[in-house]
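Student: Let me begin by handing over the structure; questions about it come next.
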Amino acid sequence: MRLTRCWAALAAAIILNLLVFFYVSWLQHQPRNSRARGPRRTSAIGPRVTVLIREFEAFDNAVPELVDSFLQQDPAQPVVVAADTLPYPPLALPRIPNVRLALLQPALDRPAAASRPETYVATEFVALVPDGARAESPGHLERMVEALRGSSARLVAAPVATANPARCLALNVSLREWTARYDPAPSAPRCDALDGDAVLLMRSRDLFNLSVPLARPLATSLFLQTALRGWAVQLLDLTFAAARQPPLATAHARWKAEREGRSRRAALLRSLGIRLVSWEGGRLEWFGCSKESARCFGTVAGDTPAYLYEGRWTPPCCLRALRETARYVVGVLEAAGVRYWLEGGSLLGAARHGDIIPWDYDVDLGIYLEDVGNCEQLRGAEAGSVVDERGFVWEKAVEGDFFRVQYSENNHLHVDLWPFYPRNGVMTKDTWLDHRQDVEFPEHFLQPLVPLPFAGFMAQAPNNYRRFLELKFGPGVIENPEYPNPALLSLTGG
């Protein structure tokens, strides 16, 4: 049957409407990032840079806007959003091959490679972009790459125009002393670390050769590792825009983010072995042991703590506890009229630099046995363990006939009190340990006692303490430091 012109026109109209309908439907199902709302510029550098977004809060963020802003500059821009676990609420990310979500916490149903961030980065460079930034001006990544290529620095940074833009800091990290110290940068814009919001660009191989490349807080973790390696960061005269709808806009969201940030930072620093941070301006922040926690090391074998084998000295929190305990014990002894003096390694530390030896793990004091009865705490310790009003624990040591004062019931950093008594002009005692310095000595070293700076206060010491120390340890002991048991581990590496 032949179709009339009317039927043909009707069929054509239906087909045209169907085509329009399917096209509009297809557009609506495309990711919003793939539909440019303005002119787009394809970057010649883009394929060599991966945008990596790690620092954001799952409960309140502007990550979709951030991703969208980079895709508007270059639809082919590789973007990786990294999180420990699947973010909740879910992130509204475009479902396109060059935008990927990396979950870093291992899971039973995923291969090991899926938890390694380098699996998701195939480019020469990586840009670490914080939440709250926005790619608004074309070519920023290209300029950062060129700046990195032309610099001796291993990282370059561009501030983000937020309320807290990045600024330069100097950073000194000492693993041996468990410390990190921040100061004003002497040669900005070249610095060791940054404080504030910035986009960081570095070579991918450098990032993924770090011990923990994406640990949070990211900036804290990253700069501790790069400063330790001597890698400088160059702060560029280049600014990224802030998000149009910035994250953490409410007071509650900011409070929650700050609380979780503090918790993450403390966990990070403890895991990296940093026990003390000195912030710019001199504020100290401690991340080690306290009266409420156990000390930072376990039982000592062979007079050589485990940390010495790791190339470290006594953690600063432990030294602080020893200083506090020593000052307190000396105050109690002096108030009770108990004659005491610095002994052993503690006297050696006082003679060298007026403090505890930096790898020592206790404090030793000698006391006159006949004065023990003058001190209420020592009398109580004769019968059993005594916890005084300051939380210090006074007790008889299980190793022999001497006293021990512990920092607390939880923290067993301690001061040992060795009771001596005179016999024919020689100071002796009833308990001897297998230490070279544990020997008798003439009483004239104690007549009189002399004041000596030690651990932040003035303590009593034997007169002619150099001869006293050389009697116990050997000639030249003050000038030639050595670990307590060089047969096991020597300071000189022999």
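In case you wondered, yes, glycine gets a Cβ from its N, Cα and C as well.
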Student: Candidates are C168, C289. Which one does Swiss-Prot pair with C191 through a disulfide bond?
Tutor: C168
Student: Of the residues in the region 'Zinc finger loop' (289-318), how many are helix, strand and coil by DSSP?
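Tutor: Summed over the region 'Zinc finger loop' (289-318), the classes give 7 helix, 2 strand, 21 coil.
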Student: Between D362 (Mg(2+) binding site) and G345 (CDP-L-ribitol binding site), what is the CA-CA distance rounded to a whole number of Å?
Tutor: 9
Student: For the glycosylation sites listed here (N172, N209), which one has the lowest count of neighbouring CB atoms within 10 Å of its own CB?
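Tutor: Least crowded of the glycosylation sites N172, N209, by Cβ count within 10 Å, is N209.
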Student: What are the other residues, in sequence order, whose C-beta lies within 8 angstroms of the center of the C-beta atoms of C289, C296, C317, C318 at the Zn(2+) site?
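Tutor: Going along the sequence, the neighbours come out as R275, G288, S290, R295, F297, P315, P316, R320, A321, N411, L413.
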Student: In sequence order, which same-chain residues at least six apart have a C-beta under 8 angstroms from G345 (CDP-L-ribitol binding site)?
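Tutor: In sequence order, the residues whose Cβ lies under 8 Å from that of G345 (CDP-L-ribitol binding site) (at least 6 apart) are I357, D360, D364, Q437, P484.
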Student: Among all protein chains shown, how many Cβ atoms are found within 10 Å of the Cβ of C191 (disulfide bond), not counting that one?
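Tutor: For C191 (disulfide bond), the count of other Cβ atoms within 10 Å is 26.
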Student: If I restrict to non-local contacts, at least six residues apart, and a C-beta distance under 8 angstroms, what lies near C289 (Zn(2+) binding site) in its own chain?
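Tutor: Spatial neighbours, sequence-distant, of C289 (Zn(2+) binding site): R295, C296, P315, C317, C318, A321, N411, L413.
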